[in-house]
Each structure stands twice: as C-alpha cells, then as structure tokens.
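One structure is given here, and the rest of the page talks about it.
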Amino acid sequence: MAKASMSQEEIANEAIKHALKALKKRHLLEVAAHAPAFEALSRPFVSQGSEWKEKAENLQVELQQCYKVQSQLSEQLVVEVAESRVSKALVQEKETAITDMQKELTEVREESSQLNLDLEQKIKELEVVVSENSELKAQLGKMSSKAKNAEAENKMLNDRWMLEKMKDAERLNEANALYEDMIQRLRASGLEQLAKQQVDGIVRRSEEGAEFFLESSIPSTCKYRLNAHEGGCAAILFEYNSSRLITGGQDRSVKVWDTNTGTLSSTLRGCLGSVLDLIITNDNRSVIAASSSNNLYVWDLSSGRVRHTLTGHTDKVCAVDVSKVSSRHVVSASYDRTIKVWDLVKGYCTNTIISHSNCNALSFSMDGETIFSGHVDGNLRLWDIQTGKLLSEVAAHSLAVTSISLSRNGNVVLTSGRDNLHNLFDVHSLEVCGTLRAAGNRVASNWSRSCISPDDNHVAAGSADGSIYIWSISTGDIVSTLKEHTSSVLSCRWNGIGKPLASADKNGIVCLWT
C-alpha cells in the first residue's frame with residue numbers, strides 16, 4: 001500500500017508539472033501570436049490604432065483570465081498536496097495498526113499453541129483419573145462385598161451371642177430355682193437360721209451365711225494414703241464383709257485395693273469415660289460403674305472382664321444403685337433427666353422414669369420396690385420402680401442434692417446438698433429428723449458423697465477445704481475433723497464391718513482412716 005500511495009503522489013506531482021508546462025507553453029504561444037500585433041502597434045499607423053488597441057485590450061483580458069486559471073490550478077494543487085499528506089498520515093497509521101495486529105496475532109497463535117499443549121496434558125491427566133476411578137470402583141465393589149460378608153458374619157455372631165445369653169439366663173434361672181428349693185427345704189427342716197440372719201428387718205448374706213458388722217469406731221489416723229487415680233476420684237465403696245476397697249476415677253479405670261496392706265489388687269478396664277459412681281452387688285460378684293460416656297459398665301469381679309455395657313442414656317450417667325433384696329435389679333440416673341431400671345440377668349432396661357430435673361444421686365429402699373432420688377432442683381423424690389409413678393416429693397435443700405445414703409436399719413435417709421447442709425429424713429414420712437452442719441464444711445461438687453456409719457450412729461462428709469467432718473447423729477455435734485487431703489474431698493465411705501473409713505479427693509488421692 002505504501003508503494004501504491006507513493007505512485008499516486010508522484011502522479012499528482014507529474015500532473016501538476018504538466019499543467020504548469022502547458023500553461024507556460026500556451027503563454028509563450030500567445031506571446032508569440034501577439035508579437036506581430038505589438039509590433040504593428042508600435043508602427044505609426046494612425047488608421048489602425050483603435051483596432052489594435054481593441055485587440056490589445058482583448059488580449060489583456062485573456063491574459064488575466066489565464067492568470068486566474070493558473071491561480072485556481074495552483075490552489076487546487078495546494079489542496080491536493082494537503083490531501084495527499086493527510087492520506088499519507090492515514091496510511092502510516094493503518095500500517096502501524098496492521099503491525100500491532102500482526103504482533104497480537106502472533107501472540108494469540110503462541111497462546112493458542114500453549115493452550116493446545118495444556119489441553120493435551122489435561123486430557124492425559126483425565127485419562128489417568130478415569131483409570132484410577134475405575135480401579136477405585138473395583139476396590140469399592142470388593143470392599144462392599146467384604147462389608148456385606150462381615151455384616152452377615154456379625155449378625156450370625158450376634159445371634160449366637162444372644163443364644164448363649166439365653167442359655168446363661170436359663171442356667172441362672174435353674175440355679176435360682178435350686179437355691180429357692182434349698183431355702184425352702186432348710187426352712188422346712190428348721191435350719192433357717194443357718195442360711196440367714198435377720199438384721200434390722202432385712203436379710204443380708206455372706207460366704208458364711210450372714211453379713212456381720214462391728215460397732216463403728218470414730219477414725220482419727222490416716223493409715224494409708226493411696227495415689228489411686230489421675231485427674232480425680234469421685235467414687236469409692238467396700239466389698240461386703242471384706243477389707244477390699246473399690247475406687248473409680250477420671251482416668252477411666254476401676255481399681256481394687258487391699259486396705260490391710262494399702263496395695264493394689266487388680267484393675268478393671270474397659271470404661272470409656274470418667275467413673276462418676278460405683279456400686280457392687282450383694283454377692284460381691286459384679287461391680288457396676290456409672291460413666292460420663294453415657295453408659296454403665298458391669299464387670300465380673302473375679303475375672304475382671306466386662307460382663308455388660310448398659311446403653312440407653314443420652315447424657316452422662318452420674319448415679320447408680322443396686323437392689324438390697326436382689327442383685328438382679330439396678331437403677332441409674334443421667335443428665336438426660338431420666339432414671340432407668342435395669343435387669344442384669346437380661347442385660348437391658350426394663351423401665352424408664354422421666355423427671356423434669358436432673359438427678360445427682362440414687363438409693364434403693366430396703367424393700368427394693370421404691371427408690372429415692374436427689375435432684376438439681378434440691379428436691380428429694382420417691383418413685384415406684386415398677387410403674388414409674390412419683391409417690392412423694394419433698395424440698396430437701398435450697399440448692400442441688402449431691403448425695404443420698406440409706407441407714408442400715410432402713411428408717412433414715414441422709415441427703416447432702418450444695419447448700420452445705422446434711423439432712424436426715426424419716427423414710428416413712430419424709431420429714432426432717434435432723435440437720436448436720438459445720439462452719440467450715442463446703443460441699444465441693446454436684447456428686448460429693450457422704451455416708452452413714454454401719455452402726456447408724458455417725459455421718460461422715462468431705463469438704464472443699466480437704467477436711468472430713470464426722471457428726472454424731474444422736475446429738476448433731478461434730479465429734480471429729482480429719483485433715484490429710486490437700487484438695488476437695490469428693491467421697492466418703494465406711495466399711496460395712498465398722499472400719500476403716502475411706503475418702504477420695506479431686507487429685508485422685510484416697511485416704512484410709514482408722
């Protein structure tokens with residue numbers, strides 16, 4: 001295009017030059033043509049003077065017209081030259097734009113080439129992913145098949161397990177029937193006193209035939225200081241007619257101790273949460289733990305194996321008790337506002353009682369038909385475990401109830417509360433028959449447990465300052481204050497045979513007092 005534009009400009013210049021040459025030539029021709037006239041005019045002929053003058057004027061007019069045409073052509077030439085320059089500038093701009101577009105086209109082509117390469121790479125990667133996906137699908141199919149087989153096998157094992165449980169239940173029922181038959185025979189033969197002993201209206205059995213106890217002594221000395229659990233210990237109890245102590249703590253373990261030597265005898269494992277409460281069946285065969293994992297765990301004490309895991313609560317289980325008549329029935333309380341009744345032979349829940357306030361503590365009555373429950377709202381309630389009906393209710397404390405203990409004769413129930421009071425209630429009327437308090441006594445938690453001595457003469461309770469206070473029930477006075485713990489005491493428990501007294505604190509220390 002540059003060559004084309006240059007040729008047009010040259011053509012214009014040439015045309016202008018030719019036009020100028022033509023004008024000059026015409027002018028010369030006219031001058032030559034008029035030369036004779038001028039010469040004639042210069043001659044002194046008077047007769048031709050006017051004619052030549054007229055011709056001269058005409059020629060002068062024509063000459064002026066020629067000059068006008070020349071001026072117009074010059075102006076036209078200037079305009080065309082200006083237009084030519086503008087056209088040249090436009091051409092240069094177009095050439096610059098064409099150059100830029102060519103560069104952009106080159107860049108786009110290079111980018112397109114790179115994108116093609118990337119596309120090919122992505123296609124290859126996609127093929128690899130598709131291949132891996134196919135392999136994973138194949139593996140998933142195999143795993144699904146294995147899972148189905150495992151599920152079928154698990155179902156078969158569950159069926160076998162349930163069958164074995166049914167067989168165990170049948171054997172236990174047979175054993176119970178034989179035992180009842182033996183008792184009837186002993187009664188018929190007049191040997192009833194060899195099989196049982198009447199103690200305060202309830203029959204308690206031991207290996208020798210009867211539970212026994214001595215008059216409780218007031219402890220004064222810490223015989224052993226045991227580092228029982230890490231993170232704290234809130235649950236302790238003694239075996240019936242034994243010197244062995246059982247403890248449960250936040251380290252998810254249950255431990256059995258020999259209180260004569262202060263040594264660890266065994267450890268029960270399998271609990272998946274902190275142990276908040278413990279109970280042992282009357283035959284010393286099973287230990288039951290209430291746990292923060294929402295479950296209860298039942299161990300066979302002789303083998304140390306978990307016999308049952310009782311599930312059904314939806315929040316932490318904070319209290320548990322076993323019937324004083326039969327080792328078969330257990331009750332538990334949870335922060336899901338339910339109290340559940342369990343059958344240990346069948347291994348499942350037989351009744352659920354719903355309360356509008358969370359329950360912190362439980363205790364069976366002596367007849368095994370009713371239970372006492374202490375709640376966060378400070379009330380003491382009495383329930384029928386068969387129907388789940390609320391039989392009675394009394395405001396025991398101004399703050400949460402933390403502990404319930406039944407006296408050995410079954411006539412008095414002890415409650416402790418966050419109001420730092422320890423109240424004694426008549427079981428039949430649920431009227432307060434005594435209140436125990438101390439200036440420095442402060443209940444440490446919602447599950448601080450107090451206890452009544454086996455002879456029903458004293459009450460022991462721990463305090464947040466690490467002290468243990470012992471009151472006389474008859475006088476309501478403090479008879480002893482024990483100091484050994486360096487942190488809040490969470491639980492106290494007297495051995496059923498009279499001594500020792502055990503206490504546990506938030507640091508997991510257990511003290512044995514004599």
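Cβ atoms are placed via backbone N, Cα and C, with glycine included.
Curation does not apply to TrEMBL; its annotations are automatic.
Owing to the predicted nature of the structure, the values given are computational and were not obtained by experimental measurement.
DSSP places the residues of the domain 'Autophagy-related protein 16' (48-173) in helix, strand and coil in these numbers: 125 helix, 0 strand, 1 coil. Feature annotation from TrEMBL assigns domain 'Autophagy-related protein 16' to 48-173.
Taken from TrEMBL, the feature coiled coil covers 91-189.
According to TrEMBL, the repeat 'WD' annotation covers 226-267 (among others). Same-chain neighbours of the repeat 'WD' (226-267): 204, 206-207, 211-212, 273-280, 282, 284, 287, 289-291, 299, 301, 304, 445, 447, 449, 490-491, 493-497, 500, 502-512, counting only residues six or more beyond its ends whose CB sits under 8 Å from a CB of the stretch.
Residues or ranges marked as repeat 'WD' by TrEMBL: 268-309 (among others). When pLDDT values are averaged over the repeat 'WD' (268-309), the model yields 93.
Annotation source TrEMBL lists repeat 'WD' at 310-352 (among others).
Residues of the same chain lying 6 or more positions beyond the ends of the repeat 'WD' (361-393) and with a Cβ under 8 Å from any Cβ of it are 201-202, 318-326, 329, 331-333, 339, 341, 351-355, 399-406, 410, 413, 415, 417, 419, 425, 427, 430, 446-447, 449. Marked as repeat 'WD' by TrEMBL: 361-393 (among others).
For 394-429 (among others), the entry in TrEMBL reads repeat 'WD'. With a cut-off of 8 Å between Cβ atoms, the residues of this chain six or more beyond the repeat 'WD' (394-429) that come close are 199-202, 213, 360-366, 372-380, 435-437, 441-443, 445-452, 454-456, 459, 461, 471, 473.
Tertiary neighbourhood of the repeat 'WD' (453-481): same-chain residues 213-216, 218-220, 403, 407-409, 412, 414, 416, 422, 424, 434-436, 438, 440-444, 487-492, 494-498, 501, 503, 505, 513, selected by CB-CB distance under 8 Å and a gap of 6+ residues from either end. What TrEMBL records for 453-481 (among others) is repeat 'WD'.
Non-local neighbours of the repeat 'WD' (482-514) in the same chain are 211-217, 219-238, 240-243, 245, 247, 249-251, 257, 259, 262, 444-445, 447-455, 460-468, 470; each lies 6+ residues outside the stretch with a CB under 8 Å from one of its CB atoms. Per TrEMBL, repeat 'WD' is recorded for 482-514 (among others).
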Near the repeat 'WD' (310-352), which residues from the same chain, at least 6 beyond its ends, have a CB less than 8 A from one of its CBs?
165, 169, 172-173, 202, 273, 276-283, 285-286, 288-298, 358-368, 371, 373, 383, 385-386, 388, 446-447
Near the repeat 'WD' (268-309), which residues from the same chain, at least 6 beyond its ends, have a CB less than 8 A from one of its CBs?
204-205, 231-232, 234-237, 239-242, 246-250, 252-256, 315-322, 324, 326-327, 330, 332-334, 336, 342, 344, 347, 447
Checked against DSSP, the composition of the repeat 'WD' (482-514) is 0 helix, 18 strand, 15 coil
